[in-house]
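> Okay, handing you the structure first.
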Amino acid sequence: MLSKLAKTELISLAKSFIPPLLPTFHKGQTGKVAIIGGCEDYTGAPFFSAHAAATLGIDLTHVVCEYNAGTVIKSYSPNLMVHPYLYETDNVPSQFSNNQERFLKDKVFPKIYSLLSRIDVAVLGPGFGRNPLMLKQLESIIDKLKETNKFFVLDADSLWLVTQNPDIVRNYEKAILTPNVVELSRLCKKLNIDFDITKNLTLEESLEIAKKLSKELNVAVIVKGHDDLIINRDDHIVSSSEGSLKRVGGQGDSLSGLIGGFLAWANAYQNSLWKVQDDPKLTTSQLILLSAFAGSLLTRTSAHKAFDLKQRSMQTTDLHDHIAKSFTEIFES
């Protein structure tokens, strides 16, 4: 049980699935991640998620966004591959306005499914929005990810979709939900789990609620808060390293990208990309817990460094400036 291990032991286990940098590797072998999100109103969130994964060390980082968000997100960085494949209801070409199903089937899904077949991990939800047609596309993307047995992280508006239809992720072992306290409250209400968002809970009480959610859906969960509670049914990790006293928009998106990046490395580990000494190897459940722990620890450490430097003026971009150094200190020292 990972819950019985010390922080140093958890870090050591996480190190075991971080790929070495070998001259025999080629582009893409140490990670291909797609962020599914971004619409006209929200372009920063998918960028933060994708940029965090890329800065972690992922070889190829994609963003699949709504048609009108593509140019904006592309302007943020040339290091990301941005695909404006998704469509909100009002942006569907006029010739398909009366047959949106055909438009999705003929023009949208073939491009998205082709990309999904080439990635290791998807991060769903940053800046996605709640447009009904967008959510319909997200449902199909989740179905395709499950069909092809991919890891995926659910954040932000993808959690809204889960609140409307919990069965879309139920019993899928390669998914992890990343709710904050408000998103947790919605999920608990939908699933009839007793949770009062106004009550100050002890760590043990919070863990119990998170465990109930994980067991009800039979998936992994990381509940973000003062301590990040990482649960996979009966096992758990509490990530309590010091972070930033400044809570600024975007840090949760950075976390989702880092978790996605570590899961891409976990996938390479499972596929024996390099010679692994572990016997037996870490299980899928353990890899998800450790990926979430590693992502949480790296986010908190980077945020702490950024806050030390910038104090109240700290922004999420400042957090990203410290990912490389924090990673080296934690995982390569």
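Backbone N, Cα and C atoms are what each Cβ position is placed from, and that goes for glycine too.
Where the annotation comes from TrEMBL, it is an automatic prediction and has not been curated.
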> TrEMBL has GLY127, ASN180, VAL181, VAL182, GLU183, LEU184, SER185, ARG186 binding (6S)-NADPHX. Which one of ASP59, ASP234, ASP235, ASP253 is in the same site?
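The record-listed residue among the candidates is ASP253.
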> Counting Cβ atoms within 10 Å of each candidate's own Cβ, which of the binding-site residues LYS224, LYS246 comes out highest?
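Max Cβ neighbours within 10 Å, all protein chains included: LYS224.
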> Rounded to the nearest angstrom, how far is the Cα of GLY250 (ATP binding site) from the Cα of GLY127 ((6S)-NADPHX binding site)?
10
> Tell me which residues of the chain lie with their Cβ under 8 angstroms from that of ASP228 (ATP binding site), as long as they are six or more apart in sequence?
ILE222, VAL238, SER239, SER240, ALA292, SER296, ARG300
> Among the binding-site residues listed here, GLY127, GLY250, GLY252, which has the most company in the form of other Cβ atoms within 10 Å of its Cβ?
GLY127
